[in-house]
Each structure stands twice: as C-alpha cells, then as structure tokens.
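Asks: Quick one: structure below, then a few questions.
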C-alpha cells in the first residue's frame, strides 16, 4: 500500500513537472510573439512618424501655394484696375485721334496739303504784294508743319495705344497661366494630402490592432506564468509528500527488518538451551525440529540487491561508480539561476572522465546551452530521452547512432555549474516529461 502511495505521488509529481515545463515553454513562446509584435509596433510607429512629416510638408506647400495664389489674385486685381483705366485712356485717346483725324481731313480739304509744290507758287502769285506773299508763305509753312505735327502725334498715340494693349494682355496672360498652374499644383497637393491622410488612418488602425494583440499576449503570458507558479507550488508540495511517503516507507521497512532480526536472534538462544534427554526425538522428528529455524528464516525478506551496471528498462549507468551529489526533485538552487526543481541527478567525478551512453539510440542534440553547458541528448527505441549535461566537450555529433556503453563525451563543469559533475536525466519527451532516473539505472 505504501509502495502504491509512493508511486502515486511520483506520478503526480511527474505530471506537475510536465505541466510546469509546458507552462514555461508556453510563456517563452508568448515572449517571442510579444517581441515580434514589438517589432511590428516599432515599424508602424516609424511609418506613422514619416506619414506625419509628409502631411506637415504637404500642408506647408499648400500654405505656400495659397499665399502665392493670394498674391496673384492681388496682382490680377491691380492689372484689371490698370486695364479699366487703360480702357478709359484708350477711349479718350480714340476720341482725340478721331478729332485729329477730322481736323486733318478738314485742313486737307481747305489747303490741299497733299498737292505738289506748285501750290506754294500759286500762293505767292495770288499775293497782292511782297509782304502779303511772305505772310502767306509763312502761314502756309506753319499750316503744313502743324498738320505734320498732328499726323506724327496721331501716329505716336496710335502706336502707344497698341503697345499698351499688348503689354496689358501679356500680363493678364501670364497671371492667368500662373493661376492655372497654382490651381493644378494645389489640386495635386490636395489629392496627395487625402492619400496621405488615408495612409495615416490605415497605419493608426494597424498600430491599434498590434497594440491590442500585444496586450492580449501580455495577458496570456501573465496567465501562463500564474499557472507555472501554481504548478511549481503544487510540484513542491507533491515532492514533499513523496519525500515524506518514501521516508515513511523506509522507516516501516527498517522497523520490519529490525523486528525480524530481533525475532531471529531471540529464537537462537532458545534452541541452544534445550536439554538433551533420553526421550530425544527420533531422527525424523529431529529433522523436523532442525527445519524450524529455516522456516522462520524464510519468512524474513532480505533487501533486494540492486544491479551494479543496469536498472529497469535496459538502461545502463553512464559512469561505473556513482556518487550522487544531488537527487531528483525539489532542492535549493546552488547558484540562484536554475530554479528549485531538479530534473535529473548529479553524479560526482573527475574532469574528463568518460561518459557513456545509457542505452543505444540516436543523438538528437549535441550542442552548448547557457544552463546545460556542453550537452548530449539521445533518443532511444522505447521513446525515452537521456540527457548528459555539463560535459567538458561533446564527443558525438548530431544524428549519430550510438550503442549502450559508447563514450559520448567527458565530464566537465560547463554552463550553470558549481563544480565538475554529470547531470543525468531521463524524460518521455524532448525537454519535457522528466522522470527520476535512479530506478532506471538501478540506484
């Protein structure tokens, strides 16, 4: 009954160990997911900053274009005022030109300015005296000169009018072109701004989604850590109960052995003190009496002798002479890094001492780990895994086939170790389902 109870405690502790390792592995997986989510959040934050900068640049460009458009509008208003004034000037000039034209035509008709030089002769001949001729000649010359001045002024005003119209139209065309260009650029910038705003909104949505996902992962991690802590606590309690059950079993066995030994020793004096008489039993009876101690002796169970090289399930010891320095189960962590649960047993030895495979199998891991140091893991045909940790150097490669008793490395103190030793472990799964290896190798 006690043995069954001990097995129950051992099984429960093993299950809790498996659950604890599963919770820890789950927490580590969540940590990786959180790390990846942080990378996504950082990238999205950078994208958001870039988008904000682009929006700021676009807004600045729009403001500049708006200012330029306002200035163009002001220039256009000024030119339009000039155009209105020019139109008034043109109208007045056209009236003046019209009057000059009419005057010239009248003078031409009255004086026949466009006739040949014979006209001046006629003027002289028609004069009544020399002084009259001179007066007429001077008057004629002045009239011709005045008419010529009017014609030149008329021509100049007409050219000036035409040039003003050309200049004004040129300025208006330039302003119209600039206004159209500004409007096109402004429309383009507004479209870019709309696209950038949509991109910024999409980034914000993605950022919020990533943050929500991270919050969910943090909650999962907290739950996994809580479960791991609860399992570790239960594991510790189960280990303590298993320890107490084992101690009770050992005490009961020791008591049973002591009682049997005391009974055996008490019977020996009784046999030696029996008197020899004439009524001594016959030979057969004597034989029967002599057989009684043997019967008593057979009722006492001697302790089972544990094999020195192998245990149950076909596993051999990794080193010939074993001195266990730390057993399987709960224990104080020697250096504060590995936790309070020991997944295997520690065996003392010397540096470089050959370490042998406990059973034939395939090497599934031969590498270095900050905690396990140089280590080798072998998978066996029965589905179990054996672990050999803190080696001075692995002596076998991944994927190698090994035989029981084959040297796979030397004892060392690499990784999380306080001295030269071998950490030997057995599990039902890779890095989970650890079991006490003592019974497997006959300790």
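Cβ coordinates are placed from backbone N, Cα and C, and glycine is handled just like the others.
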Asks: Among 62-96, 97-131, find the range that TrEMBL records as coiled coil.
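Replies: The listed stretch tagged coiled coil in TrEMBL is 62-96.
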Asks: For the domain 'M23ase beta-sheet core' (342-427), what does DSSP give as the number of helix, strand and coil residues?
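Replies: DSSP composition of the domain 'M23ase beta-sheet core' (342-427): 0 helix, 50 strand, 36 coil.
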Asks: Across the coiled coil (62-96), what is the average pLDDT of the model, as a whole number?
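Replies: Averaged over the coiled coil (62-96), per-residue pLDDT gives 84.
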